Amino acid sequence: FPGLADVSISEDIPVEGEITVPVGSRSPDEDYSTLDEPVRDTIMRDLKAVGKKFVHVMYPKKSSALLRDWDLWGPLVLCVSLALMLQGGSADSKDDGGPQFAEVFVIIWFGAVVITLNSKLLGGTISFFQSLCVLGYCVLPLTVAMLVCRLVLLAGSGTVSFIIRLIVVVAMFGWSTLASTAFLADSQPPNRKALVVYPIFLFYFVISWMILTFTPQ
């Protein structure tokens, strides 16, 4: 624990009394492990942690929670959800939408890996999985944009529909980019931040373009 290394016990302090180990004096929490907790508690704790990270993405601010307690559950759920909503968008009726799912999945994860390696090569202090966590969670605004676009397309695919989808996608693209750079920019050398932000911009731009050009069968 921090600070315990500076604590010393003076030799002048008398040690008196009977030295015994009382039975039952230890707190149950001392021997408690997450392996002993019910499965329901474990799931609820993880869901709360994922939910807090979603809040941090939708309301970006100076916080290390997304970096300190990283996980890949949220990015995996967002990636699968976005890929499922994008599948079936080919104009070819014989296409079952499988390539779209694989395409989105590969673009998100491969793109996140490339951006992370670029960040590390430029001297970033963030770890590999922390960067993947941030980039994956910041796909949340674009996932919301995809959901809104699909609802708008149910009403029609005219000019008004395209304008609404364009506004939503552009807004969520900016949100994802700003949210990710808010967490990742401080981990880079000051003179190389632009070299890190540019690939992030391209990463979310490609996903946004796929969402905007989506047309259901």
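Cβ atoms are placed via backbone N, Cα and C, with glycine included.
According to TrEMBL, the feature domain 'Yip1' maps to 59-210.
Per TrEMBL, transmembrane segment is recorded for 70-89 (among others).
Sequence-distant contacts of the transmembrane segment (101-122), counting only residues of its own chain at least 6 positions beyond either end whose CB sits under 8 Å from a CB of the stretch, comprise 75, 79-80, 82-84, 86-87, 128, 131-132, 135-136, 139, 184, 187-189, 192, 195-196, 199-200, 203, 206-207, 210. Residues annotated as transmembrane segment in TrEMBL: 101-122 (among others).
Sequence-distant contacts of the transmembrane segment (134-156), counting only residues of its own chain at least 6 positions beyond either end whose CB sits under 8 Å from a CB of the stretch, comprise 53-54, 56-58, 66-67, 70, 72, 74-76, 78-79, 81-82, 85-86, 108, 111-112, 115-116, 126, 164-165, 168-169, 171-173, 175-176, 179-180, 183-184, 200, 203-204, 207-208, 211-212, 214-216. For 134-156 (among others), the entry in TrEMBL reads transmembrane segment.
Per TrEMBL, the feature transmembrane segment maps to 162-184 (among others). Here the transmembrane segment (162-184) has long-range neighbours at 57-58, 60-62, 66-67, 119, 124, 126, 131, 134-135, 138-142, 144-145, 148-149, 152-153, 196-197, 200-201, 204-205, 208, 211-212, meaning same-chain residues at least 6 beyond its ends whose C-beta is under 8 angstroms from one of its own.
Same-chain neighbours of the transmembrane segment (196-215): 82, 86, 89, 91, 103-104, 107-108, 111-112, 114-115, 118-119, 122, 124, 135, 138-139, 142, 145-146, 149-150, 153, 157, 165-166, 169-170, 172-173, 176-177, 180-181, 184-185, 188, counting only residues six or more beyond its ends whose CB sits under 8 Å from a CB of the stretch. The transmembrane segment annotation in TrEMBL covers 196-215 (among others).
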